[in-house]
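Everything below concerns the one structure shown next.
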Amino acid sequence: MKLLLASNNAKKLKELQRILDQAGLDSVELLALRDVEAYDEPIEDGRTFADNAQIKARAGVTHTGIATIADDSGIAVEELNGMPGVLSARWSGAHGNDTANNELLLAQMEHVPDERRNAAFVSVCVLALPDGQEFVQEGRWEGQLLRGPKGENGFGYDPLFIPAEEIDGQGRSSAELSAEEKDALSHRGQALRGLVEKIAQVAAAS
């Protein structure tokens, strides 16, 4: 079975591949957008993570005829009423500029005390099949915002986020966790694992 991940993000691709491997889904051939005939990527103008994930998954399966999985994710900061939210990747105005996004968020939270720095990573993953079926899973990873970046692993807001599991432990940011540790805890890992059973069913029937 071929499975398209509607992304060219190498780290997301590796993350999904690890989860498929852990589930023993050796029959699934994972593809990225660069592996299929190019198509115009849709405008992500949804109001929610689920909206945007559906937009991307539907575009992938429509243009390629291949079962497609897509995610939309970001960080929701309690003090900012859930923002950046769906705007996380372009919070500073430039899409995908992690450094600028992190710097802006830190500046906005500069005078906020520790007890009001609660945040959560949120991910919604959608699996869209050629027959029109869609399956949706959401993952949520609670924690707090740090006052400066820590760690070199991960991407996005990982260096600014201390997971709830680490607050009373070693105090590591999500950018200091190993890939395996992050897979086990993270919002995207939760959502992707929620789709594994359905992927296995589709693979067995193909």
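Here the Cβ of each residue, glycine as well, is placed from N, Cα and C on the backbone.
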**OP:** Can you match one of Ser73, Ser206 to the substrate site that Swiss-Prot gives for Ser7, Asn8, Asn9, Ala10, Lys11, Lys12, Phe155, Gly156, Tyr157, Asp158, Lys182, His187, Arg188?
**Re:** Ser73
Original post:
Which Cβ among the binding-site residues (Asn9, Gly156, His187) has the fewest C-beta neighbours inside 10 Å?
Top reply: Asn9
Subject >> Integer Å distance between the CA atoms belonging to Asp72 (active site, proton acceptor) and Gly156 (substrate binding site) >> reply: 13
Original post:
Looking only at Ser7, Ser73, which of these binding-site residues has the biggest number of Cβ atoms within 10 Å around its Cβ?
Top reply: Ser73
**OP:** Compile a sequence-ordered list of residues in the same chain as Lys11 (substrate binding site), six or more apart from it, whose Cβ lies below 8 A from its Cβ; state 'none' when nothing qualifies.
**Re:** Gly154, Phe155
**OP:** Name the secondary structure element type, per DSSP in three states, that contains Asp72 (active site, proton acceptor).
**Re:** strand
